[in-house]
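To start, the structure under review is shown below, and the notes come after it.
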Amino acid sequence: MVVFAVPAEVAVILLDIEGTTTPITYVKDTLFPYIRDNVQEYLRAHWEEEECQQDVSLLRKQAEEDSNLDGVVPIPLETGNGEDEVEQVIQAVVDNVHWQMSLDRKTTALKQLQGHMWRAAYATGHMKGEFFQDVVPAIRKWREAGMKVYIYSSGSVEAQKLLFGYSTEGDILELFDGHFDTKIGHKVESESYRRIASSIGCSTNNVLFLTDVTREANAAEEADMHVAVVVRPGNAGLTDDEKSYYSLITSFNELFLPSST
């Protein structure tokens, strides 16, 4: 087994989710298909609720900003002309959501609606968060060793908390000291990692970041964070140069903590 010796100055472990704690297949085959398959039914069921109308308003505003993009679906305003008009607006929202998802966009408007839909699915037991087998036992061990553990994902903080709060392992939110999403900055920008360290109250070299994406690893490294690239089944392949440059692990069990000596 490969062993990655965690540097002595590391007191915080920062985790990516997709491809690191959670199989990419869960995201691609469960989370996103649920949105595509259920968005129309969800909108019909919740249309009169303030939260749903806020989601639609945000999507409408995003569609206006996207008006110069090919394939964008505008979302008309309601004029109060009955059920047929509501169905037309709902269909426009559905088409817009499908269009954004087909381009793998990560707009705040799309993420907000997705987060609300996933919340309903988790709460009713239609969905449970999934993790690689080594993840939860390893995090418990890190916590016992005095490490702080944080999440940094492009998914919203709300979506992160749902994943860990309604999981196959039960509610494991207590294992994490905090959550970050792209509101603090994009994951391929080094400044984001400096902001995270500042928010935690430590130096960047007190943090070890685990991710499967080398562009994110590079950005964190530029900010003087320690980095290991996680190689999991289903993850994108690495080039020979990436394999030789980065420290690679295939399981969280391969991390050897300073306190273990």
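Keep in mind that glycine also has a Cβ here, set from the backbone N, Cα and C atoms.
All protein chains shown were included, and the count of other CB atoms within 10 Å of the CB of Asp16 (Mg(2+) binding site) stands at 22. The Mg(2+) binding site annotation in TrEMBL covers Asp16, Glu18, Asp212.
For Ser153, Ser154, Lys187, the entry in TrEMBL reads substrate binding site. Spatially close to Ser154 (substrate binding site) yet at least six residues away along the chain are Lys106, Asp181, Thr182, Lys187, judged by Cβ distances under 8 angstroms.
Counting other C-beta atoms within 10 Å of each candidate's C-beta, the binding-site residues Glu18, Asp212 are led by Glu18. Between the C-alpha atoms of Asp212 (Mg(2+) binding site) and Ser153 (substrate binding site), the distance comes to 12 Å. Other C-beta atoms found within 10 angstroms of the C-beta of Ser153 (substrate binding site) number 22, with every protein chain shown included. Same-chain neighbours of the substrate site beyond Ser153, Ser154, Lys187, judged by a C-beta within 8 angstroms of the site's C-beta center, are, in sequence order, Asp16, Ile17, Glu18, Tyr152, Gly155, Asp181, Thr182, Glu216.
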